[in-house]
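In what follows, a single structure is set out as structure tokens and then discussed.
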2 protein chains.
Amino acid sequence: MDERAALSLVGDRVAAAGDDCAVVDDLVVTTDMLHETTDFPDGTSRYTAGWRSVGASLSDVAAMGAEATAAVAVYGAPQFDADEIAAFIEGCLDVCEAVDAEYVGGDLDGHEEFTVATTAFGQTDAPVYRSGASPGDAVCVTGTLGRSAAALRRFEAGDTERGNELFRFEPRVAAGRGVAPHATAMMDSSDGLARSLHQLAAASGCGFAIEADAIPVAPAVEEVADGPSDRRELAVHFGEDFELVATMPETAVDAAAEASPVALTRVGTVTESGVTMDGEALPDRGYTH
Amino acid sequence: MDERAALSLVGDRVAAAGDDCAVVDDLVVTTDMLHETTDFPDGTSRYTAGWRSVGASLSDVAAMGAEATAAVAVYGAPQFDADEIAAFIEGCLDVCEAVDAEYVGGDLDGHEEFTVATTAFGQTDAPVYRSGASPGDAVCVTGTLGRSAAALRRFEAGDTERGNELFRFEPRVAAGRGVAPHATAMMDSSDGLARSLHQLAAASGCGFAIEADAIPVAPAVEEVADGPSDRRELAVHFGEDFELVATMPETAVDAAAEASPVALTRVGTVTESGVTMDGEALPDRGYTH
């Protein structure tokens, strides 16, 4: 059973599961586990690991259009090294500070593999779900795509400084807050744009028609991409970017863009069914965590 | 650096850390990681693992005197087996139901070792910390001690059914709610009574004088203990029992006991300094997670 099938099993049993966050009254809550072999390439600093792990959960809070309240993290490692733990905590503190959330600690666990579990929560009285997109809506993304893919290339090339820098992203909490009042559906792009669109399509019972040229590709991708097809792979399928993908009425796009502190780019239209890019089927392929 | 030294490092940097839960406005939040090699003996069912993992976090919520609101869990395992995941989720749902909390899902993570990360949160406008005990107060415990130690013996003897049954504990949320208005300090006994007393002593700047005969020992311990010294080891030092240890003015003990749906037993007195049992130093020895 692969992870997606298993997640669907969880969704069948737990009513609150299946969106970026679970909603309990006016709270939203989300939890993630990341670990060395799949999430932290060689060269990832403990500071970056703390930033990125907590950031991933804060991104889910952002995707609900919520204010970020606080986050906790469990640090599991074979040894407890004072400098590594201190650096990890600084990363957690700094990413929380970047979105006006409070980092309130967590737990330590002796663990064979470096493993981090994070939980973030936030507050909103009007959460935005994945399920509200309607044919005719515009679909937009915040910021640029492909930054984490570019980071991985940098790590592979041994440029750990640039890799770490690209790996630390700002969770789009402020953008989510600004866009939320206009949005009909929203999620983060952690599995890549293509897979995110397929997930929104499934949740909303709609399709998407995307224009390739409209996709805002991260400058860092241009530096590492090996031709246009590689460029598209990194920007559209790789994922791990933690940008927001939101749908909204065409008439609301300008107001939403104005309310977002980062660029909000219209990349296509919500359709009745099917997910296409430039008229061709866009495969549901991306990063499975 | 051992786990306790590392936790103290975290406490130096993160103001909210160091109690059973972090407190953010009227929310309390706690997170834990458990894994196969150290927390789930051979024979532990996935149902029990779900119950126990989420229960451990709910116990921390109870220790603050808070209502339990909700919990999430990450399930990390080498394979995703539908029956195992379903059983795990049932355990999470049932332990939440037992304390009127909502289980709102979580995440799945492919992981070499079976690893569970849980987060629970609750609400209270009057959290009880570890730091309020005063000399002259009584110190009490809920329920009985040694149940998890007895469970481990059962697992070791191959009696997995009884082991699993003993391993599923009811988090003391209702008792915590009842006792909280009377308590000066409270924590859960997850590291064992002895270590919990040392932790309360450090946080409150006090000592404890405990009477061995007063300690409520779980009937399951009597069944497995090999003589009085083993009996004491299992009840006082082994830990993992998730009972509450609370201090309160002597005059409040009867009212607190009445407000608790489980037995609340007075086991000793808060003193100026030192932790003793029957007048002899009680070593700060217990389970280090």
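Sequential numbering from 1, following the chain as shown.
From the backbone N, Cα and C atoms, a Cβ is placed for every residue, glycine too.
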| remark: Among B:T30, B:T31, TrEMBL assigns to the Mg(2+) 4 site of B:D20, B:D60 just B:T30
| field | Neighbourhood of B:D20 (Mg(2+) 4 binding site), C-beta criterion under 8 angstroms, separation at least six | value | B:T30, B:S59, B:D60, B:V61, B:A63, B:M64, B:R130, B:M187, B:D188
| For B:D107 (Mg(2+) 1 binding site), which residues of its chain lie six or more apart in sequence with Cβ-Cβ distance below 8 Å? | B:V72, B:V74, B:Y75
| said: Spatial neighbours of B:E240 (substrate binding site) among the binding-site residues B:T31, B:D32, B:G106, defined as Cα within 10 A: which are they? | reply: none
| request: To the nearest whole angstrom, state the Cα distance for the pair B:T31 (Mg(2+) 1 binding site) and B:D191 (Mg(2+) 5 binding site). | output: 16
| Among the binding-site residues B:T31, B:D39, B:G106, B:D107, B:D191, B:E240, which sit with their Cβ under 8 Å from a Cβ of chain A? | B:T31, B:G106, B:D107
| field | Three-class DSSP secondary structure - B:S190 (ATP binding site) | value | coil
| query | B:D60 (Mg(2+) 4 binding site) has how many other Cβ neighbours within 10 Å of its own Cβ? | reply | 31
| request: For the recorded Mg(2+) 4 site formed by B:D20, B:T30, B:D60, name the remaining residues of the chain with Cβ within 8 Å of the site's Cβ center, in chain order. | output: B:D19, B:C21, B:V28, B:S57, B:S59, B:V61, B:A63, B:M64, B:A120, B:D188
